[in-house]
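What follows is one structure encoded as structure tokens, with my remarks underneath.
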């Protein structure tokens, strides 16, 4: 893993966007894996700024979302399809036909999950997968005890995850209990992964993912087995990393060198 610790959320987004754009720029038919939530928002706005400045071209970019609530249609503003439409498709000027989200309204959810896996494979896989991390260590909606080799499937959300996501719903609205999510095995198939962490409430989870044992109790820890992972965190999220000073030192000594990202 390469770990970069930043002073604030804006710096996280700028650095992530720069590294992501470089990888996508090298790909013949670029594919980006996109996440929802508040964490990647500065990354998306920074990617849009790079495009506006002529430093990146996303004309032919294809995108696959990590997950979707079951029971919310794509035109429901609370759905992840709507979130991705606003934060990614419109902001980056993508062709809506090139942006895919899991189908949480399918009559046959198992078939829809299999079809989503096939669509990713037919796109020749994901060049860069953007991830946030939940306070309980989940990535996508892979909650603790998820199989480390899991594929796209239906999952039940943990109560903590529902409570964390309640801020995206109006007061009194019920947060869905079920979702379709890419599995940990699906995520691990991406050629590069960028894990973003912002805020002190993510500190324990990030420490477990980066420095803890690989365990289904911290799903993000499976990323320790991935050959090309870039972790970008702000000071607060990195506050419980025992190797934080080492990560800062290596970053200061890197110069023009970097990993696959």
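Yeah, the Cβs are placed from backbone N, Cα and C, and that goes for glycine too.
The active site, proton acceptor feature in Swiss-Prot is assigned to 67, 138; the stated evidence is sequence analysis. Annotated active site, for ring-opening step per Swiss-Prot: 136, 143, in sequence order.
On the structure: features taken from Swiss-Prot.
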| residue | record | Cβ within 10 Å |
| --- | --- | --- |
| 67 | active site, proton acceptor | 21 |
| 136 | active site, for ring-opening step | 19 |
| 138 | active site, proton acceptor | 26 |
| 143 | active site, for ring-opening step | 22 |
Between residue 138 (active site, proton acceptor) and residue 67 (active site, proton acceptor), the C-alpha gap once rounded to whole angstrom:
12
Spatial separation of residue 136 (active site, for ring-opening step) from residue 143 (active site, for ring-opening step) - C-alpha basis, Å:
8
Measuring Cα to Cα, tell me the gap between residue 136 (active site, for ring-opening step) and residue 67 (active site, proton acceptor) in whole angstrom.
17
Helix, strand or coil at residue 143 (active site, for ring-opening step), per DSSP?
coil
Mapped DSSP class for residue 136 (active site, for ring-opening step), helix or strand or coil:
coil
